[in-house]
């Protein structure tokens with residue numbers, strides 16, 4: 001007997017995804033995770049455009065993690081033109097990332113994932129019973145948005161993030177205000193962390209062998225080197241030798257493997273390395289759940305851990321920025337022929353940008369690898385393991401469990 | 001209860017995120033409307049009939065098109081939100097330069113995808129659109145105004161004045177006069193000029209204002225150092241399909 005279970009439109013995830021589960025004679029025969037995203041051909045639409053247009057165009061890859069795409073592009077272009085920015089610009093970029101993670105992770109925790117664990121169809125449906133939980137989610141998101149708007153110019157797709165720095169930088173008073181709001185937010189994030197730690201997560205062990213993140217896994221600290229959990233390190237210039245992409249017959253996202261294997265990236269892979277801010281590391285020892293963990297559902301808890309990490313670091317970035325104030329917002333940029341590489345930890349995982357320019361600074365080639373593409377394979381492996389242990393369950397229950405697992409990845 | 005839907009076709013979800021960022025307004029709205037379709041934010045989605053549907057994203061696949069056509073039949077008022085839904089978005093900027101088959105081949109290696117893919121187009125090329133809220137992303141205040149206007153039986157109206165108007169109200173120095181490429185004179189205001197206030201030239205994400213003089217802005221941009229070609233490309237980034245050079249005396253959009 002053969003039956004096929006389909007989730008045709010995954011909800012509470014960014015983008016369009018679907019899952020097909022084929023069960024034959026009480027055994028799982030096939031799992032397909034299909035991203036049905038309309039392709040937007042960023043590698044083609046960046047071509048023939050001046051370098052000044054590139055960060056703007058590619059930030060539109062994702063409305064939630066645009067800061068990461070924009071910065072990865074900026075890093076790559078600065079790499080190609082051999083531009084070195086000052087410490088002030090670097091810190092402001094780190095602070096932007098703090099804003100992005102506050103917004104993106106709290107959106108994920110409170111709006112995409114939490115309804116699964118609280119038994120509601122959506123966060124908006126939780127308002128009546130849990131007004132304070134919902135408001136806390138709003139507050140976290142709001143502070144993240146304010147930071148992105150202040151530095152970037154807009155909450156989504158801020159145009160002030162440029163090659164060579166920023167057109168203008170916030171005032172001293174505005175920076176002080178960011179520092180104060182982050183400090184005030186820390187207890188709220190701690191509550192979020194312990195609240196998430198108190199939830200029941202399905203018992204599950206992922207079969208992935210490899211985890212990957214930058215060699216400074218804290219999302220707001222940048223690096224040009226990537227670390228694999230088997231001890232291999234590679235530089236951003238070598239990424240194409242390690243992260244190999246293949247076209248999938250049923251998905252518009254390409255499938256990536258490292259050393260021929262699926263691999264984990266994102267919050268859980270980063271937190272598993274336990275290179276956290278000392279104050280955060282201290283606090284994680286009091287949690288009921290512990291890291292490193294192979295339970296993919298704990299990515300949600302890892303997000304809360306990272307929220308605290310970026311908040312503490314954000315306070316430090318503000319202090320250092322104030323000690324450097326005022327600093328030049330922009331450094332000079334002179335286009336030249338060549339190829340540049342940029343790598344960055346986005347909320348969902350490591351992403352890669354690569355551009356080649358002619359001598360006028362016009363783009364003649366691009367390659368971008370998004371976290372979604374890298375995660376497809378490991379999610380499918382996880383789904384296989386999950387379904388194999390749930391074959392006796394009702395169809396609706398299998399589908400529900402699959403959705404909850406996929407949402408933990410936030411592909 | 002008024003039934004509202006929010007969906008995303010091919011895009012980045014940024015407009016849907018901006019709608020979620022209307023936090024307090026959303027909570028107030030929930031007492032007056034029922035959000036019956038919003039796959040990014042909820043599970044229990046219904047498609048039976050909608051009073052008001054907000055559509056983000058361009059139509060780039062057969063899945064986009066079929067979903068849109070199906071929903072339009074059941075929707076009283078349809079609003080296109082964001083530059084992708086209004087003009088095709090960044091993904092449409094090379095529609096006139098490269099064939100879709102070529103794009104697919106370059107990215108995927110062959111002309112074979114699990115569903116039909118076509119040139120990214122604005123929603124209005126497939127269905128009737130009642131209101132347009134452009135921007136990349138849309139301006140969240142305009143979303144709130146649109147819902148509350150319609151709830152009160154008032155037609156939403158946002159005058160198509162240029163960004164320069166709001167930039168002057170913000171008391172910014174003119175960036176074009178300072179030599180920074182800026183599309184303020186030909187771009188539809190309503191955003192409050194956040195980019196020019198930071199010192200970044202307007203990037204034209206909201207599309208054309210009324211009577212845009214493209215020829216003149218191209219001539220100014222070329223005097224400021226951009227080549228004619230690059231000036232055209234700069235104007236095309238968000239205007240997608242709808243862009244063609246227009247003079248001020250051509251009248252209207």
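The first residue you see is number 1, and the count goes up from there.
Glycine residues also receive a Cβ, built from the backbone N, Cα and C atoms like all the rest.
The Mg(2+) binding site annotation in TrEMBL covers A:43, A:62, A:368. The Fe cation binding site annotation in TrEMBL covers A:65. The annotation Ni(2+) binding site is assigned in TrEMBL to A:65.
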Suppose we draw a 10 Å sphere around the Cβ of residue A:65 (Fe cation binding site). How many other Cβ atoms does it contain, all chains included?
26
Same chain, 6+ residues apart, C-beta under 8 Å of the C-beta of residue A:43 (Mg(2+) binding site), given in sequence order:
A:365, A:366, A:367, A:368
Within 8 Å of the centroid of the Cβ atoms of A:43, A:62, A:368, which other residues of that chain place their own Cβ, given that this set defines the recorded Mg(2+) site?
A:40, A:42, A:58, A:61, A:69, A:353, A:366, A:369, A:370
Just name the winner among A:62, A:368 (the binding-site residues) by count of other CB atoms within 10 A of its CB.
A:62
In which DSSP state, out of helix, strand and coil, do we find residue A:368 (Mg(2+) binding site)?
strand
Select from the binding-site residues A:43, A:65, A:368: which have any Cβ-Cβ contact with chain B shorter than 8 Å?
A:43
